[in-house]
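The structure under discussion appears below in the form of structure tokens.
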Amino acid sequence: MPSNQDYIVRDIGLADFGRKEIAIAETEMPGLMAVRAEYAASQPLKGAKIAGSLHMTIQTAVLIETLKALGADIRWVSCNIYSTQDHAAAAIAAAGIPVFAVKGETLTEYWDYTARLFDWHDGGMPNMILDDGGDATMFVHAGLRAERGDTAFLDAPGSEEEEIFFALIKRMLKEKPKGWFAGLAESIKGVSEETTTGVHRLYILAKEGKLLFPAINVNDSVTKSKFDNLYGCRESLVDGIRRGTDVMMAGKVAMVAGFGDVGKGSAASLRNAGCRVMVSEVDPICALQAAMEGYEVTTMEDAAPRADIFVTATGNKDVITIDHMRSMKDRAIVCNIGHFDNEIQVAGLKNLKWSNIKPQVDEIEFPDGHRIILLSEGRLVNLGNAMGHPSFVMSASFTNQTLAQIELWTNQGKYENQVYTLPKTLDEKVAALHLEKIGVKLTTLRPDQAAYIGVQASGPFKPDHYRY
């Protein structure tokens with residue numbers, strides 16, 4: 001990459017291809033396009049310098065260009081080493097927006113790119129974060145913690161990725177002037193977080209009194225978690241497995257670990273493809289839901305020798321262990337649709353015999369001769385082996401992200417360093433923006449009907465405690 005180019009992409013020559021797909025995606029993302037039209041004139045994000053860490057896909061390109069249209073300056077990385085769509089990254093780079101994303105990054109490259117989010121091209125710093133999984137947010141928090149003198153954690157990494165991340169922090173402490181991380185933390189006015197795992201990290205920081213800036217939990221907007229997490233996974237999971245393996249799904253036995261929104265969508269995806277689906281759960285409520293949906297609810301220990309396909313969707317660690325994989329059928333397919341790669345004990349497989357079949361598809365042989373097929377090295381299968389969720393469902397998620405960025409940027413000082421959610425009025429607005437595209441005719445309450453149930457005829461239609 002020439003030094004005067006403020007981007008890193010696989011091939012800038014893919015920009016035209018990416019631009020064509022972005023144009024198609026825009027027609028499938030009515031919420032984002034409506035927000036772009038509504039706010040472009042007022043430029044509510046003027047002055048915002050957004051450091052974005054979110055899968056660099058075609059759909060994300062539409063989000064980026066919406067933020068740009070509303071006045072923001074932007075730098076972007078992908079939040080997963082396998083999720084970048086290279087033609088999307090090329091199109092964004094060609095449009096003059098700094099992006100550092102390549103499908104198949106090394107972990108070292110991933111964290112180096114993340115660091116470049118915070119070195120603004122004019123020598124300044126970002127003042128907003130748009131995050132997915134929390135890595136950009138963790139970069140700021142870990143750096144400031146070490147800068148303040150608490151460095152012991154940097155010498156005790158718990159994984160290969162932490163080893164690389166902590167080495168980066170050590171290097172930056174040497175390279176940057178003293179107080180650089182403190183200045184960065186002070187500069188950030190807020191973060192909007194996309195996914196369950198990242199939100200979990202934020203709530204822990206807030207509970208411990210360590211959150212450095214206000215955060216909006218986009219994940220728990222109804223129009224995100226009940227649509228992206230559920231309906232998105234329902235379409236994209238099987239797409240990833242099929243592209244990775246070309247296996248016949250019908251008739252296979254599949255095991256889904258976790259029956260939250262992502263697990264529900266995953267189980268439905270497999271069932272719709274003709275699989276006989278089992279589910280494991282720790283939560284009795286979710287376990288009962290799965291059973292009432294007709295799934296066999298059992299343990300991973302019971303399912304390991306029986307299933308042909310395994311999917312983790314828990315947000316927890318070590319859900320599929322080495323012992324589970326030892327007892328699986330020959331060439332059982334193992335994959336993950338949770339944000340991080342530690343749901344499957346991939347690190348424990350490193351000393352076994354690996355055969356790469358094709359990008360993001362590996363066959364791993366155990367000493368007894370039986371093999372498993374591991375997709376995307378235990379990272380997000382729907383983005384590593386396929387193209388992620390469809391544009392329409394991502395429009396709802398990214399409309400929430402845009403509204404969250406506007407809320408935080410235009411109301412500086414309003415929020416404490418806690419985690420907030422968007423109001424139900426905005427949730428309903430996001431849903432309403434997507435109805436016309438799919439031909440929905442919404443019923444309007446008469447004044448007497450609205451009064452009867454104690455709501456405004458224009459909404460909100462449900463109390464905050466309502467569970468959709």
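Cβ atoms are placed via backbone N, Cα and C, with glycine included.
Here is what Swiss-Prot says about this protein:
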type	residues	note
BINDING	Thr57, Asp132, Glu194, Lys224, Asp228	substrate binding site
BINDING	195-197, Asn229, 258-263, Glu281, Asn316, 337-339, Asn382	NAD(+) binding site
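Take the CB of Thr195 (NAD(+) binding site) and look out to 10 A: across all protein chains shown you find 26 other CB atoms.
Of all residue pairs in the substrate-binding list (Thr57, Asp132, Glu194, Lys224, Asp228), the one with the greatest Cα separation is 17 Å apart.
It is 9 Å from the Cα atom of His339 (NAD(+) binding site) to that of Asp132 (substrate binding site). For Thr57 (substrate binding site), the same-chain residues lying six or more positions away in sequence with a CB closer than 8 A to its CB are Ser83, Thr84, Gln85, Ala88, Leu383, Met387, Gly388, Met394. When the alpha carbons of Thr197 (NAD(+) binding site) and Asp228 (substrate binding site) are compared, the span between them is 14 angstrom. Over all protein chains present, the Cβ of His339 (NAD(+) binding site) has 22 other Cβ atoms lying within 10 Å. Here the Cα atom of Gly260 (NAD(+) binding site) is found 13 Å from that of Asp228 (substrate binding site). Counting other Cβ atoms within 10 Å of each Cβ, the lowest count among the binding-site residues Asp132, Asp228, Glu281 belongs to Glu281. In space, Val262 is the closest of the binding-site residues Gly258, Val262, Glu281, Ile337 to Asp228 (substrate binding site), judged by Cα positions. Listed in sequence order, the residues of the same chain lying 6 or more apart from Val262 (NAD(+) binding site) and placing their CB within less than 8 Å of its CB are Thr196, Asn229, Leu230, Cys233, Ala313, Ile337, Gly338.
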